[in-house]
Amino acid sequence: MDAVPASLARSARRLSGALSAMLAAGLLVWLSWYTQGFEVWTFEARRQVAAREGGMQAAVVPVRLAASDGTVLQRGKVTGVPAVAVHADTGAGNRGAAATANAVLPWSEPQAGAKAYLVDFIYTRCPTVCLALGSEFQQAQRAVAQDPAYAGVRLLSVSFDVENDSPAALASYATSLRADPEWWTFAVPSSAANAEALLRSLGVVVIPDGMGGFVHNGSIHLLDGQGRLRGLYGYDGWPQALADARRLSEETRP
C-alpha cells in the first residue's frame, strides 16, 4: 500500500484539530448557557435561579381532593396548583363533600383567599422524605393557624402516585398528620399525564426506585397566587419558607 502523502496527512491533522476546537467551543457555549455563566452546576440550583427570576409557572391540571376529616371531595381544578376556584360536586346526597368544599372556597375569592402557597410533592406510601415533609408541614400549620399574620398562606401537598393515592387514601394520610383542611389541602392529579405535566412545569423529578416506590425531590415550593414558583427550600427549611410566604402574601394584598 502506498504511503499517505505528507501534505494530505498534515491536512487531515489540521482538519481534525479544527473539528476538535469547534466541538470544544460548542461544549463551552452549552455549558455556559446550562450553568448560567458557569455559576450553576446542579439541576436544583437551576430551579433556584428560575424561582428567583419567576421563570417557572405551574401547569393547570385537574385534581381530586381529600380532606383530613375523612370526607372526600370530587374532582376539582387548581390553576397551577394554587389560586383559583376548586369546585366540588355538591349535588344531592353529597353533603360531606359540600361541607368540606368550604375549606377550599377562599381560593376562588382573591380578596379573601390565600396569596401564597407552600407546596410539597409526596406519595402516601413513602417511608422517608415524605414523612419528614409531613412533620415540617405540621409545624408550619400550627404557626399559620395561630398567627393572623399568616392569613394569606396555605399549605398544599400533592401526590404524584396517581395509581395508588386515591382521594380516600389521601384523606387517611391527612388524618394521620392531623391536617386541618382550612389551612392544609391534599390533592392528586386526575391522571398520570396530568401529574407529569404538573411535575415537569416545576422541574420536579420523580423516578421509580424499582421496589414500588419513588425517588423524588424533597423540596418545599413557594408559589404565588398565579402559580409562579417564587422560592425553593429544603424540607428542614420550613421556617424560612413560611416567613417568605408571609411576606409574599402581604406584598400581593389588594
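Cβ atoms here come from the backbone N, Cα and C positions, even for glycine.
For 77-254, the entry in TrEMBL reads domain 'Thioredoxin'.
Under the three-state DSSP scheme, His216 (Cu cation binding site) falls in the strand class. On its own chain, His216 (Cu cation binding site) has Phe121, Tyr123, Val129, Phe160, Val204, Val205, Val206, Ile207 as residues at least 6 apart in sequence with a Cβ closer than 8 Å to its own Cβ. Per TrEMBL, the feature Cu cation binding site maps to Cys126, Cys130, His216.
Of all the Cβ atoms in the protein chains shown, 19 others lie within 10 Å of the Cβ of Cys126 (Cu cation binding site). Under the heading disulfide bond, TrEMBL lists Cys126-Cys130.
Spatially close to Cys130 (Cu cation binding site) yet at least six residues away along the chain are Asp120, Ile122, Tyr123, Thr124, judged by Cβ distances under 8 angstroms. The DSSP secondary structure for Cys126 (Cu cation binding site) is coil.
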